[in-house]
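Quick look at what Swiss-Prot annotates:
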| type | residues | note |
| --- | --- | --- |
| ACT_SITE | Glu321 | active site, proton acceptor |
| ACT_SITE | His322 | active site, proton acceptor |
| BINDING | Tyr127, Gln185, Asn208 | NAD(+) binding site |
| BINDING | Ser232, Gln254, His257, His322, Asp355, Glu409, His414 | substrate binding site |
| BINDING | Gln254, His257, Asp355, His414 | Zn(2+) binding site |
Amino acid sequence: MQTIIWNHLSETEKRKVIMRPVQQNGKNIQQAVNAIRENVAYNGDRALFELCEKFDGVKLDKLIVSADEIQAASSRISVKLRNAIEQAKTNIEAFHKAQQNQEIDLEIQEGVRCQVVTRPISCVGLYIPGGSAPLFSTVLMLAIPAKIAGCKKIVLCSPPPISDEILYTAHLCGVETIYAIGGAQAVFAMAQGTESVAKVDKIFGPGNAFVTEAKRQVAQNSTAIDMPAGPSEVLVIADESADPEFVASDLLSQAEHGADSQVILVATCETLAKETALAIERQLALLPRAETVRKALNHSRIFIAESLEQAVEISNEYAPEHLIVQTKNARKLLPYLDNAGSIFLGAYSPESMGDYASGTNHVLPTYGYTKTYSSLGLADFSKRMTVQELTPKGFKNLAETVEVMAEAEQLAAHKMAVSVRLAKLNI
């Protein structure tokens, strides 16, 4: 990791050094995803079977995972892992239940009543990546709030063969239907519907560049998505009180997600920065994914800040997905931290806790989107509607205001909708 003293940089250099690595979502990916979209649209299930054999090397005779398969998978989960998943589920449920909306019902002025009511999104689709390290924890993060929100139908797609952990967790969380479908084709199947796959209203979940491009495309049509996605990232703010072994472990735990991940350390102490760099090398030697981690570290940075105030400024400008604060009084910085997907305060709040079991959601905006997007929560699985109801007296008292404004905007029919009612009022 390159070490840079922040105050030695010009303003132009500062902007450049906090830029993310360029995402490889080029024309080739877009063209490949376009072809998949057309194939699924025209050929439905047949396309899904063909693409599964082509990309996953699995020849399926059905797309829906049976109850017997789910039960068999669940029986293979160890008691130790079951207990861990259930503990995480309990914590995540508690935190997301606390997010339930309070209904708003106000009399704005006499005879004018306004409300906000919340309704669940009817049908949601969850995408869970497969591969050598199946993300069953993401099932918890998506299915639990969907269930609490009251979504009527929850379906899940994951590339075959689906791991026992994903099947068990999905069943535990109340997912109704599980499809053995992966990649961009899963996104298009859920967005468009096929003979076997239910059309959904909103799609959630992470994925590779092809899945991300497919989500971008469906979001331009009639299917909503959770948020824009990019490579995973973490920024750590640390002062002289931080333990370099802790800081190193937090940076490495994020770097192991992928070669395109980025990790940033903003330290107020050069000694800590040097000790952390040495700790990274020691710990790296123990990791099975060391090659991937090294690639991520190649475009990662250590910044030396002159103060915690400057460290906060750097963090707010970078706007990380994960922000870890390892300082003497970490909570005191919280009021000044404006842009982050999830914040981890103190030496004993590693990102791993939020990734799995503290209760917060690990589905977070990346690539600087935390300046405008929030971490996933209960609100993402529902929508708000406003309601207004006026009595004749309330209508009359507000009528002139609306007529004047409608006339000023030259919307005569808007004014008329008020005038015809006024003419029939006897109050």
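A Cβ is built for glycine as well, from the same backbone N, Cα and C atoms used for every other residue.
Nearest in space to Asp355 (substrate binding site), taking C-alpha to C-alpha distance over the recorded positions Tyr127, Asn208, Glu321, is Glu321. For the recorded positions shown (Glu321, Glu409), fewest C-beta neighbours within 10 angstroms: Glu409. Across the structure, Glu321 (active site, proton acceptor) and Ser232 (substrate binding site) are spaced 7 Å apart at their Cα atoms. Considering only the recorded positions Tyr127, Asn208, His322, His414 (substrate binding site) has Tyr127 as its nearest partner by CA-CA distance. For His322 (active site, proton acceptor), the nearest of the binding-site residues Tyr127, Asn208, Gln254 in terms of C-alpha separation is Gln254.
Taking a C-beta cut-off of under 8 Å and a sequence gap of six or more, Ser232 (substrate binding site) has these contacts in its own chain: Gln254, His257, Gly258, Ser261, Glu321, His322, Thr366. When the recorded positions His257, His322, His414 are compared by the number of other CB atoms within 10 angstroms of each CB, His414 has the fewest.
According to DSSP, Ser232 (substrate binding site) sits in a coil region rather than a helix or strand.
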